[in-house]
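Quick look at what TrEMBL lists:
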- B:12-35: transmembrane segment (TRANSMEM)
- B:42-62: transmembrane segment (TRANSMEM)
- B:91-115: transmembrane segment (TRANSMEM)
- B:122-140: transmembrane segment (TRANSMEM)
- B:160-181: transmembrane segment (TRANSMEM)
- B:212-232: transmembrane segment (TRANSMEM)
- B:244-262: transmembrane segment (TRANSMEM)
- B:269-288: transmembrane segment (TRANSMEM)
- B:294-314: transmembrane segment (TRANSMEM)
Amino acid sequence: MRREMTAASLEATTKSSAERGALARARLLRGLLPALSLALVLLAIAWLNPRAISYFGFSLMLNLAIPIALATIAQMFVIAGNELDLSIGTFVGFVGCVTATWLKDAPLIGVLILLGSIGVYALLGALIHLRNLPSIVVTLGMSFVWQGLAILVLPKPGGKAPDWLLAFMAFKPPLVPFPIIAALLIGLIVHFGLMRTSYGVILRGSGGNPAALGRAGWSLLKTKIVLFALAGLFGVLSGMALIGITTSADANIGNGYTLLAIAGVILGGGEFVGGRVSPIGAVIGALTLALAASPLLTFMHIPPDWQVAANGAILIIVLAARVLISRRER
Amino acid sequence: MAALKPLLAKPWIWSFLGALSVWLATIAFTGGYGAGGMVTAALSLAVFTVIVGIGQMFVITLGPGNVDLSLPANIGLASAVAMKVMDGNDAMIVVGLLAALATGAAIGAANYLLIWALRIPPIIATLSASFIIQSIDISYGRGLQIKPPPGFADFANWQVLGIPVLAILTVLFTIGAAIALQRMVYGRSVLAIGQNIRAAWLAGVNVGRIRFLTYTLSGALGGIDGALLAGYFRGANVDIGNEYLLASIAVVVIGGTSVAGGKANVPGVWGAALFLVLLLTMLNTFGVSAGVRLLLTGLIIVGVITAAGGQKALR
């Protein structure tokens, strides 16, 4: 597959300038695809219910988009290293349970547990690299571990978010709704770290061409540990943000996030192999999913049964659009 | 001891040894009480994991990146379709089974259509498909006549001398699958594709057709599994297939099939399925809470994978 790609790019360099122009346009279109799909969903919402396009409307519709965006970023780090995390959803649930119990009652222990769980993520990265394990199976196993721990921490739905977290998530900035500011911040910070720093390039390179990177003297063990630790960190942030919004927790609260996060990364222009990911795209993908899954369907009077299908359909439509554009790239 | 050596070299022996030791640990705990009943129960439950495990095994053997994530949704929908078609009527059992089989096969074919038309990794294709199937199931399964016909429920729970009939049939089916894998053009093609897709293509294997057949097979097995589950548990529901995502992949890997593709192992699927079911029974017997049970199940799966490890990743 990769060989085909390099062959294609070789061909591209020998093409005439007119063809190169068309190629650049196709690339641009492809890069804009995530933003275009978000714009389309927003337009549809505006057309169906103009009143939703307001400060209050956005605060309400995008409320749950913050934890989804954070979980998507977590998944993106794992995908950047050519792995897949099927445990991020139950991990978010576990973090939520700790946030609603320990973090409120005994903040110091709560912080230690959360730091420890990031450490577990880093160890998983090391284990997957050292033993050359399939990340799908390891993280599927871990999803049971996190769910079990979540039930042990909080056997019955309940608990309460710490007051400072509630106050933070209820923050109402002037003019622009909080979720939009938060999404922008998350996207820009991660974009800078992963796309604009030299170690960010190494991290993406560890997914793009691990052999070359290893021969150049970089430690692949370290890159994998860093990528998984970052995934753990953003998983923790996601769980905390989620509990800051819902105010109480439940061991199953994050279960849907595993698949949503993968879908968000792919929607945002991420590729499944080769370290090709886009942090801003991932955030946009998460917003698109958050908007399309529930507000859009409600305004279209489609029963909530079809919420999950809407996610699948959007994923398929965007991927189909990508194929059409890529054909032109050839 | 020398006679044991070739046996110990088989990759599937470890999963059976694991199952045996878990069983021994449990009957040691109960003082021998319920040893036979435990085997019967384990066989009845392992059947459902084995059926989808075989489908998943063929898919995973196709090579890195090939995995069917739509099985849980597929099982859920097929169980609802089967119960609706049977409608509690003994005369409609065969028609219902065929309907479930057709539903599953259609889902598998749709999976491959997505992979082929959108040129996306199977993980994403089967994931997108599972989103849609799940919604169809929720919408279709609402207010459904969910009880199986009495004849079908009896059949799914039928035992002869403590051996579930379904388990005997599944053993026959797995023997068939092993023959298909090792002795038929189809199976050899799957193995060839998993070892080197380009070489297989150059050698004249119709790669597209074999992959299409494999995804359709996995889907069809998911469908029949859904119908049987609904019969065994006397009812269908949306979540009936949920645990089979982890189980189907785990039994393949624990059973000695290479996650890098190109090397499959049919007996190991049985050993691993028995191991997983007996493990749950053991934890239940020890009387641990739901949280501890999940925690230990997860840790043991990660532990077993780590011990088996050493192969290239699934994607």
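Glycine is no exception: its Cβ is also placed from the backbone N, Cα and C atoms.
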Chain residues outside the transmembrane segment (B:212-232) and at least six past its termini with a C-beta under 8 angstroms from it: 44, 47-48, 51-52, 54-56, 58-59, 62, 68, 70-71, 74-83, 96-97, 100-109, 111-112, 115-116, 122, 146, 148, 152-153, 155-157, 166, 186, 190, 240-241, 244
Per Cβ pairs under 8 Å, the stretch of B:12-35, B:91-115, B:122-140, B:244-262, B:269-288 packing most closely against the transmembrane segment (B:160-181): B:269-288
Ranked first among B:12-35, B:42-62, B:91-115, B:244-262 for CB pairs under 8 angstroms with the transmembrane segment (B:269-288): B:12-35
Closest-packing stretch to the transmembrane segment (B:42-62), where packing means Cβ pairs under 8 Å, from B:12-35, B:91-115, B:122-140, B:244-262: B:244-262
Tertiary contacts of the transmembrane segment (B:12-35), as residues 6+ beyond its ends and Cβ separation under 8 Å: 42, 254-256, 265, 267-268, 270-272, 274-275, 278-279, 281-282, 285-286, 304, 308
Contact between the transmembrane segment (B:122-140) and the transmembrane segment (B:91-115) (at least 3 Cβ pairs under 8 Å, separation 6+): yes
Tertiary contacts of the transmembrane segment (B:91-115) (same chain, 6+ residues out, Cβ under 8 Å): 68, 70, 74, 77-79, 81-83, 85, 121-122, 125-126, 128-129, 133, 149, 151-152, 155, 211-212, 215-227
Remote residues contacting the transmembrane segment (B:244-262) - C-beta distance under 8 A, at least 6 residues beyond either end: 10-12, 14-15, 18, 48-50, 52-53, 55-57, 60-64, 66-69, 71-72, 75, 191-196, 222, 225, 268-273, 275-276, 301, 304-305, 308, 311-314
